[in-house]
Amino acid sequence: LTQPVTPDLLVSPSSQDGDLGSECPEDRGNWTGRLDFLLSCIGYCVGLGNVWRFPYRAYTNGGGAFLVPYFIMLAICGIPIFFMELSLGQFSSLGPLAVWKISPLFKGVGMGTILIVSLVAIYYNMIIAYVLFYLFASLTSDLPWQHCGNWWNTDLCLDHHVIKAGNSTLPVNISNTVSPSEEYWSRYVLHIQGSSGIGDPGRIRWNLCLCLLLSWTIVYLCILKGVKSSGKVVYFTATFPYLILVMLLIRGVTLEGAWKGIQFYLTPQFDHLLSSKVWIEAALQIFYSLGVGFGGLLTFASYNTFHQNIYRDTFIVTLGNAITSILAGFAIFSVLGYMSQELGVPVNQVAKAGPGLAFVVYPQAMTMLPLSPFWSFLFFFMLLTLGLDSQFAFMETIVTAVTDEFPYYLRPKKASFSAVICIALFLMGLILTTEGGMYWLVLLDDYSAGFGLMVVVITTCLVVTRVYGMKRFCRDIHMMLGFKPGPYFRACWMVLSPATMMALLVYNIVKYQPSEYGNYRFPTWAEVLGILMGVLSCLMIPMGMVVAVLQEEGTLWEVGVQQASRPAMDWGPSLEENRTGVYVASLAGSQSPKPLMVHMRKYGGITSYENTAIEVDREMEEEDDEESM
């Protein structure tokens, strides 16, 4: 085979040498191993939410009965959108911004995605910094949150070890007391008593600041060479959490009282299925757990070879993610059952979600076990590896999106550009290391990826199926994989997925509740700031439309909007040998009425995929004949 040549359309106008353009596909890089892509997707999807959100959502929404709406929503909303994102990325070999060559009018969707991912990356790495803090604190013979009597403790602190040692047969009222682990988290780690609210951040906590710097350093070193380096790191970060999860699960189920927690977690309450809230909660869990809309899946798929079997990978990752969530629930609730028995309180009094579970409840449970520092270290090391590969995806998305827009300037300097992005996001995240930083983290968590993300995903779905066209999109997948998506995927893409996400969006707006952290209510200006964060990502879409139309010549509707909504001339597979069928005609110099034949003579032979391209051409001719009749 001759060396692939990039069409003239893709050559930089500033370049005098056409050969420079032929280096672009190689410069962009690809996965270097067979499992790099699959493990990166698993690491990206299986994150902190699987451990600290799913188990709590399950038990508050019907226990075992919650699995019914969970798997239904996975089938309607999760799997189809997941496959759509992978298909767009792999077909075009472009990041979340450049992929909108599919319909330049909607490039604002890509800009909205980058804004959302940037905001999430800022606070997500702060959570990793908290994990690092606890990881280092576990390297001791006695965990620092094990007992009261430290300088950060108050008179309300109640040590369960003291109660147990006293052999008290009377039930102890713990409603007005605070556990040592809770005071360690709020008064020592956060030092939140130094802040009166979100408007009074207080001083920087230098130990947290150093942990944040360390977490950004780790992330940068792992994405230094793009997918070639992060693709190797995930062999550890995506698989090791499973080993620790199994160890925690085995330890958990062998504890006294573990069955009480598991029963509480899984006892089905089918009457909950009649509530719309349960179905919405299931859809939200699927939506955020799989990470659709953040651009990570599209970015990872863009580094695949053109004929990678992403159809198979879709089911492996989505079902694996669901099973991991369920397993994590067993590991968490078995320990919570043991803890409730030790304290003599119901399970629902110790069960929490989010940071409250990771940094208060579970660490307290660890102090009740023999070899508590060992189990604590394992738990936080698992959280570290779960969080890191999700953060790799966020950073790779931002870097890939921008470098694909300016390949001739940024691609050769990708390592330096990645360093600039990491430093900028670190500096923006410094406010999270202050005494009032937790208030800012809650605000970012509640609003950065809320309704704005849903609008981005709904718009993507509608543009691909309505503007670009379902037939054309299925034809692209046929050309790439050798078969067309079945009725299930087409029905979901056309109706079920967008309708479900619109219901989610409406529910979120109607049931809107102001942010709060414990007993602290956020002031009105903070709420407005949060809402603006979500609105700004949505406003990127109409702003992008205005720019796209202004770049076209002619009247606004007849030429501007219609022309900007059509795929760009160079839309299609990035390598010439993959531009079979209709896409050969878009290459410079292809004047033949049968461009596929020219392409085959040039590259020799008819492969099974080129055979598919012949079928695609025949279908297009038949459709044209039908339209002319």
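Cβ atoms are placed via backbone N, Cα and C, with glycine included.
Nobody curates TrEMBL annotations by hand; they come from automatic prediction.
Per TrEMBL, transmembrane segment is recorded for 37-55 (among others). Within the chain, the transmembrane segment (37-55) has long-range Cβ neighbours (under 8 A, six or more residues past its boundaries) at 31, 127, 227, 230-231, 234-235, 237-239, 241, 265, 285, 288-291, 296-297, 300-301, 303-304, 308, 313, 316-318, 320-321, 324-326, 328-329, 332-333, 353-355, 357-358, 382-383, 386-387, 389-390, 392-393.
For Gly43, Val46, Asn50, Ser289, Asn321, Leu386, Asp389, Ser390, the entry in TrEMBL reads Na(+) binding site. Residue environment of Asp389 (Na(+) binding site) contains 25 other Cβ atoms, counted within 10 Å of its Cβ in all protein chains.
Annotation comment: TrEMBL describes 67-88 (among others) as transmembrane segment.
Marked as transmembrane segment by TrEMBL: 109-136 (among others).
The disulfide bond annotation in TrEMBL covers Cys148-Cys157.
Marked as transmembrane segment by TrEMBL: 233-250 (among others).
The transmembrane segment annotation in TrEMBL covers 282-303 (among others).
The transmembrane segment annotation in TrEMBL covers 315-339 (among others).
Among the features that TrEMBL reports, transmembrane segment is placed at 374-394 (among others).
TrEMBL lists 415-441 (among others) with the feature transmembrane segment.
If you look up TrEMBL, you'll see 447-468 (among others) marked as transmembrane segment. Long-range neighbours of the transmembrane segment (447-468) within the same chain, counting only residues 6 or more positions beyond its ends whose Cβ lies under 8 Å from a Cβ of the stretch, are 81, 84-85, 88, 102-103, 105-106, 109, 112-113, 115-116, 119-120, 123, 287-288, 292-294, 493-494, 497-498, 501-502, 504-505, 508-509, 515, 530-531, 533-538, 541, 565, 567.
According to TrEMBL, the feature transmembrane segment maps to 488-510 (among others).
Look at TrEMBL and you will find 530-550 (among others) tagged as transmembrane segment. Nonlocal intrachain contacts for the transmembrane segment (530-550), taken as residues 6+ away from its ends with a CB within less than 8 angstroms of a stretch CB, comprise 104-113, 115-116, 119, 443-444, 446-448, 450-453, 455-456, 459, 515, 522, 556, 560-561, 564.
The record gives Gly43, Val46, Asn50, Ser289, Asn321, Leu386, Asp389, Ser390 for Na(+). Within 8 Å of the mean position of their Cβ atoms, the other Cβ atoms in that chain belong to Ile42, Tyr44, Cys45, Gly47, Leu48, Gly49, Ala238, Pro241, Gly291, Thr324. Looking at which of 67-88, 282-303, 374-394 has the most CB pairs under 8 Å to the transmembrane segment (233-250), the answer is the stretch 374-394. Among the listed stretches 67-88, 109-136, 282-303, 374-394, the one sharing the most Cβ pairs under 8 Å with the transmembrane segment (315-339) is 67-88. Outside the transmembrane segment (67-88), and at least 6 residues removed from its termini, the chain residues within Cβ reach (under 8 Å) are 58, 99, 102, 273, 278-279, 281-283, 285-287, 290, 292-293, 297-298, 300-301, 310-311, 313-315, 317-318, 322, 326, 457, 460-461, 464, 473, 476-477, 480, 485, 488-489, 492-493, 496-497, 500-501.
If you measure from the Cα atom of Cys148 (disulfide bond) to that of Leu386 (Na(+) binding site), you get 31 Å. Between the CA atoms of Asn321 (Na(+) binding site) and Cys157 (disulfide bond) there is a gap of 38 Å, rounded to the nearest whole number.
Cys157 (disulfide bond) is 32 Å away from Leu386 (Na(+) binding site) when you measure Cα to Cα.
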